[in-house]
């Protein structure tokens, strides 16, 4: 088992990574303060892993909420269902919420934990690549609004993140590929050596070799933990983690949440960001080709949706949370392993990239 600590002073917490961790009772017990837990999961994950979790938590009083699966249910209505279940079962401030599922479950359960009685403890138990390498770490919690993704939320850190890599054995191929977009993102924005390692280990990753998967998840979590420790609430360097997301969120919102998976939209968004950087003379064309090839090797899209035009992109991008003083800020790669924030990209350049 590998361990990483997200260093945030009194709110620091461990990330545990390994095989069979859903059965490690001590990992859960050390993060649960009271006697009651509320497990939040969905109709896909619950039949696979809920019974195992309940067996591990046999010493606690357990309630559960099983939600419908999918990004389209990440909304205020579903959020209210979680709160109603907590209230109707008379949960108090010493209840611990356990998010058992992918990014949607983690985001909603975490936001419920942040809001319920002004904050109760929660544990992230991510079951997808995307949630294991990205969304479960760092304390971002949210629900979507019809006008924008993750517009209603809070920064709220978990007590612990427990990553059982065995959960990936039941993950559909499309979901696995979507998660790999966030993995590739770390290589592009922060760690050239990790990007090269990904290029060299495509087969080992796609065949779920435990050593490769464990290292991959650990390295992603190390990078995110380091960045979050420096900038918890995205006032500076943490914004770099949004590489590809300004374009990607526009794709998700315009296409309808769930029609393009988040990782698919981010993959396309990273290519658009890289092409924008190329247009501005910030990055070499050979490195763009490397980025596109690696994204393709994990069966991810490298083009924007054919039915999306510049005006549709721009309307959604204006709602991006990184907009400051009316200026759109873009995260652009200047080389593989390094990104910077730019707030002076002209509409002419953006139009050229999107319509090319």
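FYI, residue positions are counted from 1 along the chain as it appears here.
From the backbone N, Cα and C atoms, a Cβ is placed for every residue, glycine too.
For the Zn(2+) site, Swiss-Prot gives 245, 262; the one candidate out of 182, 199, 200 that the record lists there too is 182. Put simply, of the binding-site residues 182, 245, 262, the one whose Cα is nearest the Cα of residue 69 (NAD(+) binding site) is 262. Shown in sequence order, 130, 134, 181, 185, 244, 248, 263, 265, 266, 269 are the same-chain residues outside 182, 245, 262 whose Cβ sits within 8 Å of the Cβ centre of the Zn(2+) site.
The binding-site residues shown are 182, 245, 262; of these, the one with its CA atom nearest the CA of residue 103 (NAD(+) binding site) is 262. A gap of 16 Å separates the Cα atoms of residue 106 (NAD(+) binding site) and residue 182 (Zn(2+) binding site). Ranking the binding-site residues 182, 245, 262 by the distance of their Cα atoms from the Cα of residue 72 (NAD(+) binding site) places 262 first. Counting every protein chain shown, the Cβ of residue 182 (Zn(2+) binding site) has 27 other Cβ atoms within 10 Å.
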